[in-house]
Amino acid sequence: MEGMALYLVAALLIGFPGSSHGALYTLITPGVLRTDTEEQILVEAHGDNTPKQLDIFVHDFPRKQKILFQKRVDMNPAGDMLVTPTIKIPAEEVSKDSRQNQYVVVQVTGPQVRLEKVVLLSYQSGFVFIQTDKGIYTPGSPVLYRVFSMDHNMRQMDKTVVVEFQTPEGIVVSSNRIDLNFTRPYNLPELGSLGTWKIVAKYEHSPENYTAYFDVRKYVLPSFEVHLQPSEKSFYIDGNENFHVSITARYLYGEEVEGVAFVLFGVKIDGAKKSIPDSLTRIPILDGDGEATLKRDTLRSRFPNLNELVGHTLYASVTVITESGSDMVATEQSGIHIVTSPYQIYFTKTPKYFKPGMPYELTVYVTNPDGSPAAKVPVVSEAIHSEGTTLSDGTAKLILNTPLDTQSLLITVRTNHGDLPRERQATKSMTATAYQTQGGSGNYLHVAITSTEIKPGDNLPVNFNVRGNANSLNQVKYFTYLVGRQPKGAGQNLVAMNLRITPDLIPSFRFVAYYQVGNNEIVADSVWVDVKDTCMGTLVVKGASLTDNQIHMPGAAMKIKLEGDPGAQVGLVAVDKAVYVLNDKYKISQAKIWDTIEKSDFGCTAGGGQNNLGVFEDAGLALTTSTNLNTKQRSDTKCPQPANRRRRSSVLLLDSKASKAAQFQDQDLRKCCEDSMHENPMGYTCEKRAKYIQEGDACKAAFLECCRYIKGILDENQWESGLFLPRNDNEDGFIQDSDIIPRTDFPKSWLWHTVQLTEQPNSNGISSKTMSIYLKESITTWEVLAVSFTPTKGICVAEPYEIKVMKDFFIDLRVPYSVVRKEQVEIRAVLYNYAGRDIYVRVELLYNPAFCSASTEEQRYRQQFTIKALSSRAVPFVIVPLQQGLHDIEVRASVQGWESVSDGVKKKLKVVPEGVQKCIVTIIKLDPRAKGVDGTQREVVKARKLDDKVPDTEIETKITIQADPVAQIIENSIDGSKLNHLIITPSGCGEQNMIRMTAPVIATYYLDTTEQWETLGRNHRNEAVKQIMTGYAQQMVYKKANHSYAAFTNRASSTWLTAYVVKVFAMATKMVAGISHEIICGGVRWLILNRQQPDGAFKENAPVLSGTMQGGIQGDESEVTVTAFTLVALLESKTICNDSVNSLDSSIKKATDYLLKKYEKLQRPYTTALTAYALAAADRLNDDRVLMAASTGKNRWEEYNAHTHNVEGTSYALLALLKMKKFDQTGPIVRWLTDQNFYGGTYGQTQATVMLFQALAEYKIQMPTHKDLNLDIIIKLPERELPLHYRLDATNAILARTAETKLNQDFTVSASGDGTATMTILTVYNAQLQEKANVCNKFHLDVSVENIHLNFKHAKGAKGALMLKICMRYLGEVDSTMTIIDISMLTGFLPDAEDLTRLSEGVDRYISRYEVDNNMAQKVAVIIYLDKVSHSEDECLQFKILKHFEVGFIQPGSVKVYSYYNLDEQCTKFYHPDKGTGLLNKICVGNICRCAAETCSLLSQQEKIDLPLRIQKACASNVDYVYKTKLLRIEEKDGYDIYVMDVLEVIKPGTDENPQANARQYISQRKCQEALNLNVNDDYLIWGLRSDLWPMKDKFSYLITKNTWIERWPHEDECQDEEFQNLCLDFAHLSNILTIFGCPT
């Protein structure tokens, strides 16, 4: 749709008599020609009426040795001596070197005609659009996708498309060549990376990429969605109204949610969220609606001066919890701008040039502060008055009548809203420049199109206005354009015509017109025209009948009807709308398609131009004439610096607090008072709290007064609350459970079908097709999305069709994404009653041996209760998963007296192993030429030694092989968009300023080198340069007269700091101007003259104050490290100072001589790497043996417990190898550096940051872009009969090859051929948690929790709470500054936001700030930032953590404290609640667990036991065995006892075939010990059920439950006593009867 197909070229011909020798010949082509695309060119003869044949050629450039295209056309008077042939350049005929621009020569030859134009070539021959079945997936699931391919005229492209899948790290894991409209699944790996993946598609011979995105997360679908709607688009600072946010919560099947919302407002300032604690409110959600209000007084209490908030944004954080508490959805409305004016004005699609004396059409775009279009807003232009009102898309068109005698025009437009004072209206100004006529002729053409909303089918009025020499204009007889003529009468300066808008003009086109004067002047104008975004064709999806459009039952049959263009291929998909609650960013739409197409427009302005040639250039055209009138040669497919295009796209207590605070008139003191009356989570006294106040003595006094005042009041009130769940065992009137068929099919998307509309079209040319489908069993709303494709009308995305599915009574079983084996968890089933009457319900949990629950094999767990009409009720089921894997959990429910109403749900629950997941990575360099024997490199990868593995859990090993080099991995692994934190304003003393200046310098250097500014925003570069110059100017304050530096000018000068200033300033000169070379060279002179010793070493006499800024230089071998560091600074400044510092070369030689003497004797890997870089940079080292010998694994230079130093040292080593041209050694090093995901910082990380990014940037520059690659790799895995064979060559170098195995065994890899590759072996397993293995460095840490009772006010819907107390002390000599606490919450718990806010907001603040990472699929994490941690006393924090769902047998949570300035200083401790009552009983032997019954053996409750009763019980059908046993010993384990018994006699044999072979274990709960009262060396009669047998590896164990019969069998001597004679006889008879005769039938 772009290129010449977008242009209507109208020629206004002035007829002058004359022969061809005075004729003017014109050639117009697109400014950029696309390969494999039909492009239209125009050739015209003016002043020549002689018919002729023209030959059109397209040649290669510059040699013109190859004809890429040729065509012959006839030019004659019948065609007005104007021809518009099409040309097409085959992609395979032109060079594919994407590193340089490619051009072609368009040539026209004929009698008296020879025209040539060199035109830029583009490989973008079409568009590829990718549709996925949804935008978010879970690991291991299939991604369904379709590929649509079309050219620029929206016609089908018959070209092969290459489709790649890329991980979030940018690694290509799949690459396929596919054909037209292809659809297939890609299966995500279970070990795949979480995050945003890409599908990248491109034509086989084109570098242009088209990308679709999808997210991979561990998630479960919500049951409802929440929408927030602010009362205004912005917060008007001068208003008096409060700010309201409407909350709407709807279940996905359309019904309203009943529940509660917790709302917190805040202000986002410079990216940091500042919450307003007093705004936290609890809002009832009734009938799905609620409203939250931010009062201006509440905002002012947090920010007294509201004017300081202008330019920042409000946000509202809302969490909605259902009435049953079963589900929770959190959302946020952000971007509510705080403004003085509620509007912003932009000049969009407005020409930069005007014609004096002619109308000038000005298009303005008015937005709300959030960027959305502002409709019905009056606007007015000043100076030249014109008024208008914005349309629904926010645009307004103003027509200005320009004066004749001006060359520039200052245009100011403002809003003219009646409710706003003038000073609050939005204003915007621009300057337009006069169009320059050719040779000052005064001839003008203005094309006027006044319509603003244009759609297909309209007749567009077009006016041609001409002004100039009257004699010339009178000779214009007609206007000619491509589809006909428009007559013009003599003296007529305005000619009008109508242009029919056809679908092929969507989404926009350019109308270019020109006329010629004589044989050398062209007068031209153009206008850009936007057309409403609709399909070129037709596609509608709907229900086939009225019945089909109604609400459906789950699994019901229905019909949908498709209507569209005959022959169209229609791709369908149905998506659960819950998916869009989580992510709706990547859904395909018609607007996104047109946006993509419009971005390929080679035009650069909204129309017009600086002069006649500028009109063509700005419209994306190239022109040449026979009189050498030529547009400029275009050298870029993109426009120069284009402007952003915006598409339309408690009362008494409160009274007491308030009255006390009101006693303070000063606002600051009032805040001190108010903060003191907030609850302190740690329980600190008022006096201790006051120690944390930094605002002065007056604030402390006010704080203490109010704190003591409120203390007595706070002690008076206590609240308690409880919960009672009734239970009813009545079973009458319910249908049989076996008659309830459970719902089991709950896909997130389905209906992935492609159909063709083959029916005969109706009178409107529309074909239809009716499809019968069976709905899936989810209670939700399905959104059916249809995308059609036709060869002539391209792609069309229909409006989604919604299908609602629900029942009057149903179960919503809320199952988490995964649970941990042995970890007790609560599963909730929510029962909904949408019937018009109350119902009595029975609900039951079905038994599954994979879980321990209240349901057993003998008896299911049931509850019965009443659910009121139009309400719901949650039923909790507590389970303990016992087996890893996917297991069914099923709940069924029926309604008493209503046989047709029931429901059942069966879902899969994923049970994962306990422990913590660990990864072990091994990297092997495959280089058969260097490492092979006889051309083959063989590697044996040994099995992992995993002593800490959780028993009976799987080990997964993933082998990834990728060809080197890995430059593309750098650019993706080190994401430029994550470097924003480095662009900061320098400040502080001479040392601190350099720390902060380093950040923007290295960020700019890296982003410049890797060309990644686009990821951060190109405007950020100007900001970074500004910060660099700010740092430079501030550092001049600390420059001494001798050009040396210190933290303060009154301190002694530092060798290291001066060298560092030289290094950073020298680096900055590559990016910014204005840094004095004399400043740099002055520092160099000082270093040489004052700090270099005779032996060449540099000496440090005045160490810096901030030792951490020096990185790894401190420590052993410091003289060598200081010398090497200083030498590096001298070398990096050499190009600047070589001419002005005479002694520079000799100084460098002395330093290198010194280092060479020390190099081979160095002990520290860090020192070795730094010295190697210094020597290599000076061209004094080319042998890497010493350097590589100091490495660990040949990919890193490590020292114990010093991660940031290791990053720094490894970066030095990489630089050294690059200087030595040892490129083959660099791949694994680069991979290790990028795998660290280290994005740097300032304090404590300065040197690691600067060296990492300097090294990676240098790698990008120096690494050869390609090398010969032809590798054969064979992997022999233990479980595979046939080896895996991979071939790596230049065609597939970027594709990562992967293999997986679950066997932890040795395997072999062999490689042969040319080139290198990197093999990464990643082993993932679950390791046992071992707190004692945690090493604490520089911190002492204690963590504890205790149960607390919640009053009603604090409950917030929680089921319980713990108080988490964290105490820490820094073990250094001074306080630790800027410390971070990373807390992993217990499963089911969330932090109390009020407690955390109080800790961070008051004047006695204990924490600087906090963040909560609440990923529903994982445990919640809390990050707390502390300004300091004392080294002399314990610092304690305490806050509540609230239990939102029941969890037992939980794994410990963790607390990690570490220094922001030095990540190696850290300590981790674990915590967990007391395992008390309320937990289900389980018994584990080794790693195998069984559910234990809730009651003990009930034998003691039998009133009378005799022989017949024993025979009856022992012969019950479910009794498996009867034994006489002897108790050998009792072993106590965690929570249970093991009774080890010998089976003396098998009275009734059972499943255990040989129980007398070895002693058998009988296992019982600890609480049954007293009831059982079993004694060692006593004999027992015992029998039990088959379900109580527990098969182990080579024997059976037996569970003692309430169904186990145990009686003491007296010894032989006791049987002589009268007391035991009858009992002994009964036992003997029982044994004889069952042994000889067996059980009676």
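Think of each number as a place in line: the chain as shown, counted from 1.
Each residue, glycine too, has its Cβ placed from N, Cα and C.
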Which residue of PRO503, PRO507 does Swiss-Prot report at the same Mg(2+) site as ASP530, VAL531, ASP533? PRO507
Out of ASN181, ASN1138, Swiss-Prot gives the annotation N-linked glycosylation site to ASN181
Name the cysteine that pairs with CYS699 in a disulphide bond per Swiss-Prot, restricting the answer to CYS672, CYS673, CYS686. CYS672
Hey, which of ASN209, ASN1042 does Swiss-Prot call N-linked glycosylation site? ASN209
May I ask for the residues of the chain that lie six or more residues beyond the domain 'Anaphylatoxin-like' (672-707) and have a Cβ under 8 Å from a Cβ within it? 301, 657, 660-661, 663-664, 714, 1363, 1365, 1392, 1395, 1398-1399, 1401-1406, 1436-1440
Would you list the other residues of this chain near Mg(2+) - those whose C-beta lies within 8 angstroms of the C-beta centroid of PRO507, ASP530, VAL531, ASP533 - in sequence order? ILE454, ILE506, SER508, LYS532, TRP594, GLU598
Students should find that the Cβ of CYS1436 (disulfide bond) has, within 10 Å, a number of other Cβ atoms equal to 16
The answer, for which of the recorded positions VAL531, CYS1615 has its Cβ ringed by the most other Cβ atoms inside 10 Å, is VAL531
Simplified to three states, DSSP reports CYS1568 (disulfide bond) as helix
Count of other CB atoms lying within 10 Å of the CB belonging to CYS707 (disulfide bond): 23
Residue pair VAL531 (Mg(2+) binding site), ASN209 (N-linked glycosylation site) - Cα distance, angstrom, rounded: 26
Identify, in sequence order, the residues in the chain of CYS639 (disulfide bond) that are 6 or more apart from it along the sequence and have a CB within less than 8 Å of its CB; answer 'none' if there are none. GLY603, CYS604
At the Cα level, what's the spacing in Å between CYS699 (disulfide bond) and PRO507 (Mg(2+) binding site), rounded? 64
Across all protein chains in the structure, which of the disulfide-bonded residues CYS672, CYS1367, CYS1467, CYS1639 has the highest Cβ count within 10 Å? CYS672
Within 10 Å of CYS686 (disulfide bond) (Cα-Cα), which of the disulfide-bonded residues CYS673, CYS706, CYS1336, CYS1568, CYS1615? CYS706
Write down the Cα-Cα distance for PRO507 (Mg(2+) binding site) and CYS1515 (disulfide bond), rounded and given in Å. 85
